[in-house]
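Undergrad: Next up is a structure, given as structure tokens.
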Amino acid sequence: MDSNTMSSFQVDCFLWHVRKRIADQELGDAPFLDRLRRDQKSLRGRGNTLGLDIETATRAGKQIVERILEEESDEAPKMTIASVPASRYLTDMTLEEMSREWFMLMPKQKVAGSLCIRMDQAIMDKNIILKANFSVIFDRLETLILLRAFTEEGAIVGEISPLPSLPGHTDEDVKNAIGVLIGGLEWNDNTVRVSETLQRFAWRSSNEDGRPSLPPKQKRKMARTIESEV
């Protein structure tokens, strides 16, 4: 195993531990707690892939961080932090909507890069809206936390989520995944709208009412794509 891969995992484990302590003291806001929960799943997946124990890695990560802090001057961290552009966290969904369990009568699933696309193909003739929580930087989507498809009644019928074991995706990856999800839902005569936040940062090819403009040929292609993988 590459030493940089191991040390990166160890530091990530320790920093997650620090953030968990902050959350335990009720000092974290909703985006902070949301990222904490997502990163926990990611670390578990990475730990399984690398064959490393998280508790042991956390202790090793603490030693690495302490050594770096001893070497740093007081001014260096301030300069580094000031030079890094800040990302913004945008939320369409509440914590309840993000954490709610949902079930599919006719489950369909596709893995596209580091994103997992899931939908219930038993849903027909419904009005559906796509909502997402994600971060943006330089007015572009930086990291998708979770995207879900809701009916007017509030039922969850589709989802796009990052795979914990495969971190990293681009805004183009997210846009392509949204296209696949929309194509699959519209194949069953559902009407799909995209939230204003998603329209602005992740899905720009839409009509004025927020409905995505996909030609019939592309809809059929996307539907066949997701039907071919369960």
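Cβ coordinates come from backbone N, Cα and C, glycine included.
Straight out of Swiss-Prot:
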REGION    1-73  region 'RNA-binding and homodimerization'
REGION    180-215  region 'CPSF4-binding'
REGION    206-230  region 'Disordered'
REGION    223-230  region 'PABPN1-binding'
MOTIF     34-38  motif 'Nuclear localization signal'
MOTIF     137-146  motif 'Nuclear export signal'
Undergrad: Let me spell it out: take the motif 'Nuclear localization signal' (34-38), skip the flanking residues so only those 6+ beyond its ends count, and list any with a Cβ under 8 Å from a Cβ in it.
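TA: Same-chain contacts beyond the ends: 16, 19-20, 23, 28, 95, 98-99, 133, 145-146, 162.
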Undergrad: Between 0 and 100, where does the mean pLDDT of the motif 'Nuclear export signal' (137-146) sit?
TA: 85
Undergrad: With DSSP as the yardstick, break the motif 'Nuclear export signal' (137-146) down into helix, strand and coil residue counts.
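TA: Per DSSP, the residues of the motif 'Nuclear export signal' (137-146) fall into 0 helix, 8 strand, 2 coil.
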